[in-house]
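Q: Next up is a structure, given as structure tokens.
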Amino acid sequence: MRLAGPRDPVAGPESGPKSPFPMKLSGPVIKGFGRGSKELGIPTANIPPDSLSPYGDVESGVYYGVAALDPSKFKYKQDSNENQANGSIETPTIESKSENENVFPCVLSIGYNPFYKNTVRSVEIHLLPQFTCTPSTPNPPSTTDQPTRFFRVPDFYGTRLNLLVLGYIRPEYDYVSLEALVEDIRIDCEVARRSLERPGYLCYVKGVGEGGRGDDDDDDGVEEDEEDTGVREAREWLRGF
């Protein structure tokens with residue numbers, strides 16, 4: 001059971017991911033338990049748990065990172081009329097030429113979900129709204145009159161998904177009610193968003209020099225540092241379908 005009290009607003013070192021992060025997971029999007037959208041109102045993309053095998057016994061819990069979808073199978077473009085006030089967005093698949101068109105910040109759970117007492121481990125990824133030039137708008141707390149609505153895109157079962165896991169947020173918990181679970185997931189989304197908007201992480205989402213680390217560097221021909229090289233290599237893997 002989760003301890004009472006306020007949650008930390010961000011997770012992970014300010015400077016950027018530290019070992020074992022980033023972890024690289026990849027696999028086709030498969031059918032999950034069917035509860036994310038139907039019961040929780042939180043659509044998730046599941047990938048096979050054997051994608052974790054290169055990393056041994058990964059601790060169960062909630063993580064954050066950046067995901068990319070195979071552009072040959074799925075095309076996405078942010079709707080200019082989307083309602084950013086509540087984070088609920090569903091758009092048609094519209095082709096875009098941006099290199100980040102199919103790249104999304106995300107929050108994910110790895111484990112058994114104690115609330116549902118799963119016996120099979122799962123990797124469940126919830127995509128977050130793509131970052132724009134201004135900080136994204138957080139989801140407001142849910143109320144009885146207006147429950148929280150979460151970001152969604154059209155289904156993409158069978159599409160290959162590459163994922164860079166960049167940080168750990170918290171362990172798995174059981175909850176006294178479905179509403180308490182949903183509220184904690186809402187906070188997870190905000191912790192992930194704020195964590196990823198920091199320069200040491202934003203570069204994995206948008207690229208070096210695109211609002212993240214390296215923005216203040218002059219284009220003077222000086223060789224980039226080892227960290228920037230690592231980010232570029234990770235981004236190449238992320239978008240390498």
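Using N, Cα and C of the backbone, Cβ positions are placed for all residues, glycine too.
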Q: Would you please say which range out of 1-26, 53-78, 183-208 has the annotation region 'Disordered' in TrEMBL?
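A: Per TrEMBL, the stretch marked region 'Disordered' is 1-26.
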Q: Averaged across the domain 'Riboflavin kinase' (23-197), what pLDDT does the model get? Just tell me the whole number, please.
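A: Looking only at the domain 'Riboflavin kinase' (23-197), pLDDT averages out to 82.
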